[in-house]
There are 2 protein chains.
Amino acid sequence: MESPNGDWIEPGVISCDVLVVGAGLAGLTAARELKSRSPDLKVIVLEAKDRVGGRTCTVDLRAANGKTDRWDLGAQWVGNSQKYILRLLRELQIDTYRQYDEGTKWLQAGSTAIRPFDTQKWSLSFLKQYSLLEACDAAKTLWTLEKLVNTVDVDDIFNTPNAKLFDSLSVEERVRQHTSSRLVRDVLEVATKSIYGIPTKRLSFLYFLYYAKCAGSFENLIETEKNGAQAFKVKGGTEQISQRLATVLASDELFLNTAVTVVDTSDPLGVFVHTADTSAINEAEGTTPSNEKTRFKCRRLILAIPPDECGHLCWVPGLPLHKEQLFNGAPSGNLFKCIITYERAFWREKGFSGEIASTGWTEFSGETMPLVSAFDATTADGNPALVAFLHNEWTERSLEERRTALLRDLARFLGEEANDYIDYRDKDWHLEPFGGGCPVACLPPGNMEAFSHIREPMEPWMVHFSGTETATHWPGYMSGAVQSGLRAAHEVLFHLDHSQVEHRHLKGSIYATDYVFPSAPDNSYTQRAEWSPWPRRILLYSAVALGIYLYSRKYTLSHTARAFRPIERSVIKWWSGYHWP
Amino acid sequence: MESPNGDWIEPGVISCDVLVVGAGLAGLTAARELKSRSPDLKVIVLEAKDRVGGRTCTVDLRAANGKTDRWDLGAQWVGNSQKYILRLLRELQIDTYRQYDEGTKWLQAGSTAIRPFDTQKWSLSFLKQYSLLEACDAAKTLWTLEKLVNTVDVDDIFNTPNAKLFDSLSVEERVRQHTSSRLVRDVLEVATKSIYGIPTKRLSFLYFLYYAKCAGSFENLIETEKNGAQAFKVKGGTEQISQRLATVLASDELFLNTAVTVVDTSDPLGVFVHTADTSAINEAEGTTPSNEKTRFKCRRLILAIPPDECGHLCWVPGLPLHKEQLFNGAPSGNLFKCIITYERAFWREKGFSGEIASTGWTEFSGETMPLVSAFDATTADGNPALVAFLHNEWTERSLEERRTALLRDLARFLGEEANDYIDYRDKDWHLEPFGGGCPVACLPPGNMEAFSHIREPMEPWMVHFSGTETATHWPGYMSGAVQSGLRAAHEVLFHLDHSQVEHRHLKGSIYATDYVFPSAPDNSYTQRAEWSPWPRRILLYSAVALGIYLYSRKYTLSHTARAFRPIERSVIKWWSGYHWP
C-alpha cells in the first residue's frame, strides 16, 4: 500500500528510504554520508550484535601502576596511505600515534632457530643471518611477488596477465613452485596468517595478489614504516570511531540486537526485510531469544556485512548464481588476537622492538607454540603492552593453557620477563555471534570469478553491497570499510537523489564513469595453447640443439664450426667405437 | 523443568527424544531406523521445504503418444555396488531398470571436433580418434589417477601419502602439471562438472581422490556399466523413496515448512531448537512469512542437511573452529539438470546411445554451448527422453534462450530431430530454497583438515551429523545418504538405548570399534625436507655427472673409460683451443 507521498503504510512494518544492515564502520559511514548529503532521507541501521563497531572492539585492561587503559582486540592500525580512514579520523578529531618499531625484531622461520631480522632490509638481514641460497631466494621471491602484484588490474581482475592460472593456484602451491628454501615459505606462511588469519593453502594466489595491489604493494601489508598498514595506532582505540559515527543516528534510526533473517526482493517497489530479536543470544547466558520480530521495508537496502554473513540470510527469491557462489565460497579468516599488559616495556630496555614473527615450530616434533606474530602495543599514554596473534589451532584449548603457552613462547624471544604480566585478554573472532571471523573474507582457489562481481548491486538493483571486502583501496582494513560505505551511499543517492552524488565516491561501482564490466576468464580455443611442461621442454631443447647443429653444419661459421666439430666427431667416434666388453 | 519420567515440560516447547533436521533420504532413514529399533523413542523430523525428498525431485512431463510419465530432476541413478540404497529399494519394493548405453557415444573435447568415444575402452577409442600423444596421455593419466585413488585412506584422510600436498592443489592445477594434452584436461573438466557440478579449479585434489575412493574407483564415478554410478534407474522416480519412508512418521512427527533458525546447545540436558514458518517462502508468490515460531527441545539432535546449510544456522554458543571452517568452507556444487521428452528415441535408431560429453566450445570464439553431458532417459515404460546437464553459466539466461540453445547443441551431436521435442523441464538447484545446490558439498583446496572431522558429533555430543556428505561409501549419492542416516541413528541409539545398536552401522563414526581419530597434516621440521624442483634437479644432475666422471676416471673400467674419455678430451681441447675470430 503506497501513501500519496510515496511511503509505504503496512501494519507492523517499519518503512524507510534506506535500510543499512550492519553497524560497523562501513554501514555507519554509509548512513552518515546519506544523512549529511540528503537530510530528508529516512535511514535506518540494523545491527545483530548489542554494540556498534563490527570488527573493531576496544576493551579496558589493567595497566602499569594500577591504572587501566584501553586496547584494541579488533582492527587497530592505520597506515599513511589509508586516506579514507585518515580523513574520517581528522573529521572526528581522533588522534593517531606512531607504532613503536625501533630495535631488533625476531624471526623464527626456516628452522627452529630464532634470529634477528629487518623488514626494511629483508635481503641484507637474511644474508647476515641465513645462507646465501636463502637470502637470494628471499630477494628473488619478494621481487617477483611485487612485480606480479604490480600487474594486477583491480577494477577488472581477469584482465590481469595469467589471472586464470593464478586463480587455480593456492598461495602454498605457487610458493612451493617458485621458491627453493624453507625460510621463504615459512615467512610467507607467517605473513599470510598474520594478514588474513588463515594458512596459505586456503587462499587463491590471485586474491593474494589483488589484496596486495589494493594496498599498493605486498610490502605495505607487512610493513610498520613508510606506507605500511601497521604505521599508526588510534588513540583511545578504534571502536570509538563507530560510536561517534553512530551519534548522528536518532534512537529510532539504530536498532541493536536486530538480526536480519529474510531479505525479500520479490516486490518491485521495495525490499522487505524480516528480523529476529537477538538480545538473549548476545547476553552471554541467555538461551531463549524472544519471539518478537520486526519487519522493515525500504526503497534501497545496503548490506554492510561480510559476504559469508550475506549467505546466511534467507533470500527470496533465490540469489543469482555468482552472488550465491561468492557468499558460500568466501569464508572469513580468523585472527586470534590477544593483549598482554606489563609493568615495564622490558623489551625496549633490551633494545628489541617487540616485533616477532614465528612459525611456532620447536625442535620437539609435534609441539607447536601458539605465537604467529607480536608487536609493541604500548598505548599513547605510555602503558606498556604487547599485542600477539595466535595460531588458530590454539582455539580449542582453555584460556589458562593458552595464556601459559603464549607467555612461555614470548619468553623464548624476549626473555623471562614476559611471564610477569599484569593483565591478559584474548579474542577468538570466530566465536563472535553475527561476526563470523576477522579480518576479511579469504577467497579459496577458483572462486575469483564470483568475487569480481562483489560490488555489483543486485537486480533489480535495490540491494547494494558494502563492507571492507568490497573496497578497491585497502580492502580488509578500516580504510576499505569507510571507502565502501561512501561508495554504497553514493550508489543509493544515484537512484534516490541524483543531485547529491559525488562521482569520485563511486569509484569501482557500476555507476562510475570509468566502470568496466569485469571480464570472465578466457576459456576459448583461440587462446594461446597451454602446453604442459614436458613436451614443451623437449621441443624447446630439441629445437635449440637442432638449430645449433644446422648452424654449425650448413653455414660453417668458423668459430661455431670449430667449437662443435670436435664434440660431434667424438660423439660419432664414441658411438661407433663403443662395444660392450 | 524436567518431569518425573525425564521429559521436559516447558510452555510453548515441543519436546522429544530425537530431533532430525532435514527430511531427505538421510534424515528419513535415520528416523525410520530409530523408530524401528526403539519404538518407544519420540522422534520428530523438521523440514524447511514443503515436501520431503531433499535433493531428489520427480516431476510429471508430457511424453510420447499423449501420455505423461515421471522423470527425475534430482538424484536419479543407482549403481551395482551402492549396497545401502539397493537394500532400501528392495525393502520398499521399488524396482530398478538398466540405463540404456548401447551404441555410439559422442565426445567434444580437446578441440571443437565431435568424435565417438567408448568409456569401456578409453585408450583404444582415443587411439583411433585422436593422436598418439593424446591417447598415451589419457592412458597414463587415468592409470595414475586410479593408482592415487587407491592410496587414499578414507577413515584417516591425512594418512594418505602426500595428503598435505594434494590438499593444497586444485584439481585443475594437478591436471595441468601432470598431463600434456588439452584432450585429457577437457575430459576431466567435463567429468568434474558432471559429477560435482563445479569446475576443476574450485575442487581440492585430495577431496577429488577421496570421493573416488569412497566410490571404489574414479571409473565407477563416470561409468554406466559394471559398478558404475549410472548403471540403473529407479522405476517411477527417486522422490517416492523419501515419500514411502515418511509414511512411518505420524502427522505430529513430521513438520514441513519448518526451518531451523537457532540451535542452542548451552543447556547440558538437551538441545534447544528454534524454527521459523517458511510456508510463504515455499509458495512461489508468497512474500510474507508468518510470525509463528515453534520451539523444540530434544535429547539428541541429528542434522541431516548439507554442511553449508548447517553454517546458515545461528549457533549458540559459537561453533568449534573446525566445524565453522567446514560449514563456511564447503560450498555445494550446482548440477543444472534438464529433461527433454521425445516422440521417438531417434538416437537409438541411428545407433547412438544418447551419451554425450562436451566442453561446450565451438569454433566461434567466446560462444559456449550449454551442454556438459547427456544420457538416454527413456523410462521403464519406454517413453523416450534425454537427460542433460548444463554449464552453470547458462543459469542467468531465460528459459526460452536456454532451451533453444540446448536443443541446438543436442542437434550438433544427435541430428536435427533433437529439435522436435514434446516437453522440456530444467531445474537449477541453487535456486531451491533451503537446498543450496546439488549434488554434494565440494571442498576447495586447503580445507580437508576441517572435512576430516565431518562425522564427529559436537561436544558435549548431543548434535550428530548426517547427510550424504558424511558417508564413507558413495558420498554424494543416495546410497551415501542412506548409510549416513543409519550411522547417525545408531550413534544416537548408542547414547539413548545401548542395547539396540548394531555396530556395523557405526562404520566411520567415533563409536566404531576400529575408529581412528583423524591425523592432522604433519608440519613438523622432522618431516622429510621439501625441496623445490630446481635446486633438487641441479643437485641430482650434478651428482649423476660427477658420479659418472669419478667412476670413469678413478676406477677406469674399460668400457666406461673408453666411452667418456674422447668426449672429455674434446671438451678440454675445444675449451682451450677456442678463440673468438
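Each Cβ is built from the backbone N, Cα and C atoms, and glycine gets one as well.
Here is what TrEMBL says about this protein:
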BINDING   B:GLU47, B:ALA48, B:VAL260, B:GLU469  FAD binding site
BINDING   B:PHE389  substrate binding site
DOMAIN    B:25-493  domain 'Amine oxidase'
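Overlay of TrEMBL feature records on the structure.
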residue	record	Cβ within 10 Å
B:GLU47	FAD binding site	29
B:ALA48	FAD binding site	26
B:VAL260	FAD binding site	25
B:PHE389	substrate binding site	24
B:GLU469	FAD binding site	28
In whole Å, could you give the widest CA to CA gap in the FAD site formed by B:GLU47, B:ALA48, B:VAL260, B:GLU469?
20
Nearest by CA distance to B:PHE389 (substrate binding site): which of the binding-site residues is it, out of B:GLU47, B:ALA48, B:VAL260, B:GLU469?
B:GLU469
Three-class DSSP secondary structure - B:VAL260 (FAD binding site):
strand
How would DSSP class B:PHE389 (substrate binding site) in three states?
strand
